[in-house]
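Enquirer: Structure below; questions to follow.
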Amino acid sequence: MSTLLRRLLVPMSFRKVVRQSKFRHVFGQPVKNDQCYDDIRVSRVTWDSSFCAVNPKFVAVIVEASGGGAFMVLPVLKTGRIDKSYPTVCGHTGPVLDIDWCPHNDHVIASGSEDCTVMVWQIPENGLTQPLTEPVVALEGHSKRVGIVTWHPTARNVLLSAGCDNMVIVWNVGTAEELYHLDSMHPDLIYNVSWSHDGSLFCSACKDKSVRIVDPRRGVVVAEKERAHEGARPMRAIFLADGKIFTTGFSRMSERQLALWDPENLEEPMALQELDSSNGALLPFYDPDTNVIYVCGKGDSSIRYFEITEEPPYIHFLNTFTSKEPQRGMGWMPKRGLDVSKCEIARFYKLHERKCEPIIMTVPRKSDLFQDDLYPDTAGPDAAMEAEEWVAGKTAGPVLISLREAYVPSKQRDLKISKKNVLHESHPAPASSTGSATRLSATAAPATVPSISISTAPGGGGRLEEVLQELQALRLQVKEQGERISRLEEQLSRIENGDV
């Protein structure tokens, strides 16, 4: 009897394990070949950065360059084969190691290089037409190569850089001056740096296996966790929106791990999961609006995604996107660059050896309406404060915008509405016994045209002629608009199919 009960109870227990989540069915879809960026010679430099940075206007990729360092900046819509002579940003004298778009200006990008400099570039409105060799500003303060550049999330013109000299420098790009020079906090190589949601703190992962939380304005380490991951391979640490810290690293047995930490108590992780025994560094990408973390391993051919919640076990595995080719790097589109009408919640730009391939993450929904639960207000392009205000001690979260204005109904929905309103709601006017009224019903206007009372009394013939002419003109106008809509739909269809 006990064996039978156990057999009956096992499926019931499994049913309880299945967690309800709107992101459980998120699926990834690579775009068609003609929507990829082909013939790009992705950099071969041995450095664990993402090699790709994306915003709603441009895709930037670090590329191979002879006699210096370069990266390519392409308009997002410039897909297909990229000509070998396409201009690059090539002002560095050593290989470029990291790039980052300014969150408050889609035409400004920062780069760090082996030549020990940080450079900030202004990209023209329609992209590059000739090589860009002169930066807007060159920031010199590191004594060894600069492997990390990251913009402050809420203060204008504030940029952080970290180099192999184990120093972190916070710059005011607008005045080209150092704001803070933090040279005694990290005894070894800095693997990554991540700002908090409001930019008051940053966390860092270091080769000494410690994760530190730093207040740059006071110049102090607020909290530190030694041996966050036991393994010797590179770690990553990122701030979450609620102030917790998510880390990726390796165990003593070289198994890849994920961990979640509470900064108030770093003694033990809130959650710790082991993934596999691959040797590529795990790059985490975090969406603060949905609390979903996407984890991409360099050299892997998959993207795993997890949801972070308030209740145990805190880190919930959602799904895995897998493909055949390994990834050399990965770009990540900000939320305001996504297609909300297709329920797209993330878009990655996967770097192959000679190609950049967009991968679209979608939540399947039956409705064509704007999905409020998928798209809460998100960080917009406006800065919350100036650099001087931040230095003076002000702290502010991102300026949020609604994505509802970016919502465009699907083509089929547009078509149905317009045809219903313009062509299908016409009803014949009530027939009259006179011949003139019969002629009027043959040219009846759509229901949206106001009804006009017609008198057939003597002397009303001139008035009737005017009304008939007006109705004829309205009928012709409706017909012309219908033909114009059809032409525009055909053009749009050809553009979407790549025929134009």
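Note: Cβ is positioned from N, Cα and C throughout, glycine not excepted.
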Enquirer: Would you please say which range out of 298-338, 421-461 has the annotation region 'Disordered' in TrEMBL?
Expert: 421-461
Enquirer: Under TrEMBL, the annotation coiled coil belongs to which of these stretches: 254-288, 464-498?
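Expert: So the range that TrEMBL calls coiled coil is 464-498.
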Enquirer: Please average pLDDT over the repeat 'WD' (89-131) for the predicted structure.
Expert: 96
Enquirer: Per DSSP, how many helix, strand and coil residues does the repeat 'WD' (139-181) have?
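Expert: Per DSSP, the residues of the repeat 'WD' (139-181) fall into 0 helix, 25 strand, 18 coil.
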Enquirer: Under the DSSP assignment, what numbers of helix, strand and coil residues are found in the domain 'DUF1899' (16-80)?
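Expert: Its residues divide into 5 helix, 24 strand, 36 coil.
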